[in-house]
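Reviewing the structure listed below.
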Amino acid sequence: MAILLYNIKELFGIHPANEILRGSALANLPSIKNAYVIVEGEQIAAFGRMDELKHKPNDFNESLDATGRLMLPSWCDSHTHLVFAGSREGEFVDKIKGLSYADIAAKGGGILASAKKLAEASEDDLFVQSYKRLQEIISLGTGAVEIKSGYGLSVESELKMLRVIKRLKGAAKIPIKSTFLGAHAFPTEYKEAKEDYIKLIIEKMLPQIAAEGLADYVDAFCEEGFFTTEQTERICLAGKAYGLKPKLHVNQLNSIGGIQTGVKVDAVSLDHLETMTDDDIEILSKAKNTVGTLLPSAAFFLRMNYQPARKMIDAGCAVALASDFNPGSSPSGNMNFVVALSCIQLRMLPEEAVNAATLNGAAAMELQHEAGSIATAKKANLLLTKPVPGLAYLPYSFGNNLLERIMLCGDWK
Ligand code: NIG
Ligand code: FE
């Protein structure tokens, strides 16, 4: 079953290597004008310039004339919490009235409010809610995604979340990575016995999760009022002993040493990064294996300062973009908006934003060998735009749906 996509106005994201793009390399988004792509089975079989195409459209089982349209690799969203129960729009209104994220957390809202709802939901109900969200982000162009636990906060509920993620992996066409985030918040009953909760994570949750093969990564919310750097480090080391590499929430509200800790434990990615000192940026720029994942829609939704993307890129950091889809700080998994926001507010160039939301996003979940760029033998997860003037039109025309068709593993969605 071969498919030909031809007369593509411009084909973007031609990165042959499984590399991580850092610093000035991020602005290089190789493209071919007037291009074709041949898809065979689930993979990209060939691509190139129209004047070099040796076949005719009729030689293929299916062909599509993409005149006027751009083609890109699908978005790779490397940080989401899309398994959750219900919603928290009440807090959203509280925030409009002036309460801060920390105020809401302090009065039992926030993560703990979602944990309560999740504890009450059955695994099947949670699966149905989450599957809908997954379909929603796929229809918005996401072709690979990471999903975290962290609204369980008990052995039973964390396992329930991770089992739902496992079921999503089986039910969805796109690659999914699973992250154990037991260290998202201290449950109320452990507020005065924090060490006991750390013990529960390390001695009860991790062994069961590993035994059932329920997670690929381990995460912790390293933040004032949440998990200290010392606790974060212990959890990461315990996770690593079970083969789970760290991917961490750091430097969202405060700079408390999360970057140093994350680099020390050789994290795959360090995420959020709204609050970065010059030292933090320098340390991250030197970490060869660690991607800095920016979550601008969380900063947008919480009305925080945006991530210092320009400083980070100019310092040589490897930067990815992700949605942070969750009910408290980013109730949207729309990567088109994340890309637009990164250009509008973080002053990333459209090319940098696309690279950060595709190949570097893939690298932030170790999927760069199969996703995130146009290369032969990679998954045919492709975005075809509506007719548009050029790449910059996508973030410029923010909020409009400019995707015409989406291909996942060689099938039109
Ligand atoms: O990534 N910062 C910590 N965790 C989530 C928010 C969780 C919530 O508010 O439900 C985040 O922004
Ligand atoms: Fe998050």
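Cβ coordinates come from backbone N, Cα and C, glycine included.
Predicted, not measured: the structure shown is a model, and the values here were computed from it.
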N-formimidoyl-L-glutamate site partner of Asn326, Gly328 (as recorded in TrEMBL), chosen from Tyr151, Tyr190, Tyr197, Tyr217: Tyr151
Further binder of Zn(2+) named by TrEMBL next to His79, His81, His249, taken from the candidates Asp314, Asp324: Asp324
From Ser323, Ser329, Ser330, Ser332, the one annotated by TrEMBL with Arg88, Tyr151, His184, Gln252 for 4-imidazolone-5-propanoate: Ser329
Which same-chain residues, if any, lie at least 6 apart from Tyr151 (4-imidazolone-5-propanoate binding site) yet have Cβ under 8 Å of it: His81, Val83, Phe84, Ala85, Ile111, Ser114, Ala115, Lys117, Leu118, Ser157, Met161, His184
Among His79, Arg88, Tyr151, Asp324, the binding-site residues whose C-beta sits under 6 Å from ligand 1: Asp324
Candidate binding-site residues Arg88, Gln252, Asn326, Gly328, Ser329, pick with smallest Cα gap to His79 (Fe(3+) binding site): Asn326
Binding-site residues compared (Arg88, His184) - highest count of Cβ atoms within 10 Å: His184
Alpha-carbon spacing, Gly328 (N-formimidoyl-L-glutamate binding site) to Arg88 (4-imidazolone-5-propanoate binding site), which is rounded to whole Å: 6
Listed binding-site residues adjacent to ligand 2, that is, members of Arg88, Gln252, Asp324, Gly328, Ser329 whose C-beta is under 6 A away: Asp324
